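Taken from TrEMBL, the feature signal peptide covers 1-23. Annotated region 'Disordered' per TrEMBL: 91-162, in sequence order. Taken from TrEMBL, the feature compositional bias 'Low complexity' covers 102-123, 136-162. Here TrEMBL flags 124-135 as compositional bias 'Pro residues'. The domain 'ShKT' annotation in TrEMBL covers 187-221. Taken from TrEMBL, the feature domain 'Expansin-like EG45' covers 241-338.
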Amino acid sequence: MLCAPLNLGLLLLLLLCAGAATALAPAEEAEEKCPSVWGFCLKHKCCTSPELTCYEKDRWYAQCRPTGNCEPGFHHEDPRETTPWSCVVLSSPTLPPPSTEPPTTNMPPTTTTAKTTTTTTTAPPSPTLPPPNTEPPTTTMPPTTTTAKTTTTTTAITTTTATATTTANTTTTTTATTATTPPSLECVDKDRLCADWARAGECDRNAGHMHEYCMKSCNLCGKVPFGKLSLWPKKVDAIIRARCGYADWELGGLSSPAAQMYHIRAGEYCGASPDLFLDGNECGACYRLWKYGAGNAGKSAIVQIIDANTAPSQTFDCHPAAFSKITGAANGSFQVAY
């Protein structure tokens, strides 16, 4: 008779241990799926730590890197340097940990005999969002041009006869005067997932794509200014004497560490008018420039400010590589949004 309670207690202990082991199995399996820092994450699109983000290089490779530590383009230290990094975020946004506060709902008391109840609270799964498409949409925004024809020229011809009679012949001609207004930048979302991406914080983490294709969801309506784009008027190596000093001879010229930044090596840099340069406070600042007008409308590139110019306000003088990428031309002056 004394052995029955002891056997029942032993049985309960064995059942509890088996349940704990079963509960731990999914967690261990999940850890194996999500790699740690510098690990390959293309398959599961997740990382083991909230301080890490799964960044895409191309459609064959992605890597867990410290959040914010990914620069688009080629990396000379990259063993897979045959393709550039797109730095598209593949991992889902990290959700806040589940609340540890006890629930406020009062439950009726329950009497349990020789029974243990374990309650586990789990947060809802993170929404899995597809990364923004790096290809521009097939639709283009036509520019808007307003033409006014309002000029009238009047010529008076006076003829005097022997009877002192004067006649006036009036001829009216119309010439065309064309005034072009800045094109309107349509503030819309060009992807049906823009609102979801914006809520996930992509307007800041992936600003290059979101500011161009998800203007409405990123709250950019009415905030995009217009300026002028012209060709860099100096020699290509004038960066050595640029006011920001990234390639000063004392620092090593074109071999200096600052001159090895991605946009400088790619020729994607510009001089800016005084209102944009701000006495050097905008050195190193990056702008995305969109071309608008006849032909190639909508092309864009990200450029870095490295010098000042003496042009009128809101003017960018860009290196030939950046100028051609934005305008599709070898020279000229174009209107841009930035």
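Note: Cβ is positioned from N, Cα and C throughout, glycine not excepted.
Given the structure is predicted, the values throughout are model-derived calculations rather than measurements.
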**Request:** For the domain 'ShKT' (187-221), would you mind checking the mean pLDDT of the predicted model?
**Result:** 86
**Item:** Secondary structure content of the domain 'Expansin-like EG45' (241-338), with strand meaning DSSP E or B
**Value:** 29 helix, 29 strand, 40 coil
